[in-house]
Amino acid sequence: MSENNSEIPSGHEGLLVIGLFLVVFVMGADSFIISPLLPAIARSYQTTVEQAALAVTAYALGYAGGAPFFGPLGDHFDKKRLLASGVSLFLMGSVLCAIAPTLPILLGCRLIAGIGAALTLPNVWATIGTQFKGPRMQWVMGIVMAALSLSIAVGVPLGATVAQLSDWHMAFWASSIVGLVAAIVLLLLVPSMPMSNRGPLSYGQRFRELRRQNTVVSTLGITLIWMFGFYLIYTFLGTVLIQQFQLNTAQSGTIFIGYGLSNFGASFFGGWVMMRLGTLRSIVMTGLVSALCAVGLAFSETLPLLMGWLVVLAVNQGFGVTALSAHIVTHAGQIRSTAMAVNSSLLYLGLTLASLVGGVGYTTLGFRGLCLIAAITFGLAGCLAGGLNRWADVGN
């Protein structure tokens, strides 16, 4: 089975990248923008903030649960139709959230939006791998992945601004408008990508094919290790800023914005780095430097020192995570959507494991202990990538 690719209309590649960027940004921001709105949502529905926070959980469940199911669809059906279906589901969920009369209905609509994101995002990465090759693919991958970093940087402050200046419903209307613009661009510019020689869809076959691709499976394992280490630090960073350095919520939020913007810049230019070093060498370098940053964070006694290490970590995370995704897309071949869906699920698994382990470890080992564990995981990820690189050199 192979892809029957169509060419992007001449001169429209830039617009296609913008459309993909907007889709990834709006779906990424949807995970963060709601956090500052939780008190307003709780007041609106006359419930507790804890109950309102289930809106975050519902979106995450829809995404994490839907990604493994929808991923193989992109390796079997026309990716353009799947992108259109996924964005449509997301838009429907967002619009319904804006008019939801009760909290249970809001939660159901958030679940729909998460499912839409699960159908869309793996096919965004697969589309990039299909329509762009070699260094151009790496460059475009870096630009579009930067949208996730930008959503981290501006999602929370955008939500806070909406909460202060307007009604919380406006956040979902704004998300719907940006998503609609992106959908129009994609519908106009994404070529049809049907699969030739298509037989019956078999999930077992797709995952067996994935299991046989040792390079991809190994890179997915590196991704899980990497994200576990990252979230050990990121999940408890805000607590440390408030408890150890006595910052208020607004001040700590500013530091998160700085982190997100540093990460955005690195992701945006990640393709340039990969073109010169290669994906595996980029992972090795950024993994080892991230390990050094984690050690630096562990022993940072002053806020300026902590911020300095945090910026360096953000830059390396931007380069490293982009290189991991690009390496998977490059080597996954006709199962790109399945591979990237599994990659997305492993990201959430890394977050879950880090939250569980970190919750226990923070009380016993403190932030320093968590950073040292993260340093070990980053170093392990870098060494494993180095082993893959040597194996690839021997194979060649």
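Keep in mind that glycine also has a Cβ here, set from the backbone N, Cα and C atoms.
Per TrEMBL, the feature transmembrane segment maps to 15-39, 51-70, 82-105, 140-160, 172-193, 214-234, 254-275, 282-300, 306-329, 341-361, 367-388. Per TrEMBL, domain 'Major facilitator superfamily (MFS) profile' is recorded for 16-396.
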Most Cβ pairs under 8 Å with the transmembrane segment (15-39), selected from 82-105, 214-234, 282-300, 341-361: 82-105
Chain residues in Cβ proximity to the transmembrane segment (306-329) (below 8 Å; excluding those fewer than six residues from its ends, i.e. six or more beyond): 125-126, 128-129, 137-138, 141-142, 145-146, 149, 215-216, 219-220, 222-223, 226, 230, 233, 237, 245, 255, 258-260, 262-268, 270-271, 273-274, 279-280, 282-283, 285-287, 289-290, 293-294, 296-297, 300, 336, 339-340, 343
Paired segments the transmembrane segment (254-275) and the transmembrane segment (140-160) in contact, 3+ CB pairs under 8 A: yes
Contacting positions for the transmembrane segment (82-105) when only residues 6+ beyond its ends and CB under 8 Å are counted: 23, 26-27, 30, 41, 45, 47, 51-52, 54, 70, 73-74, 111-121, 123-124, 127, 169-170, 172-173, 175-176, 179-180, 182-183, 186-187, 190, 337
Leading stretch by Cβ pairs under 8 Å, where the reference is the transmembrane segment (367-388) and the options are 51-70, 140-160, 214-234, 341-361: 214-234
Positions whose Cβ lies under 8 angstroms from the transmembrane segment (51-70), at least six residues beyond its ends: 30-31, 34-35, 38-39, 41-42, 45, 82, 86, 103, 106-108, 110-119, 121-122, 341-342, 344-345, 348
Long-range environment of the transmembrane segment (140-160) - Cβ separation under 8 angstroms, sequence gap at least 6: 17, 20-22, 24-26, 28-37, 124-125, 128, 132, 171, 253, 256-257, 259-261, 263-272, 274, 318, 321-322, 325-326, 329
Model confidence over the domain 'Major facilitator superfamily (MFS) profile' (16-396), averaged pLDDT: 84
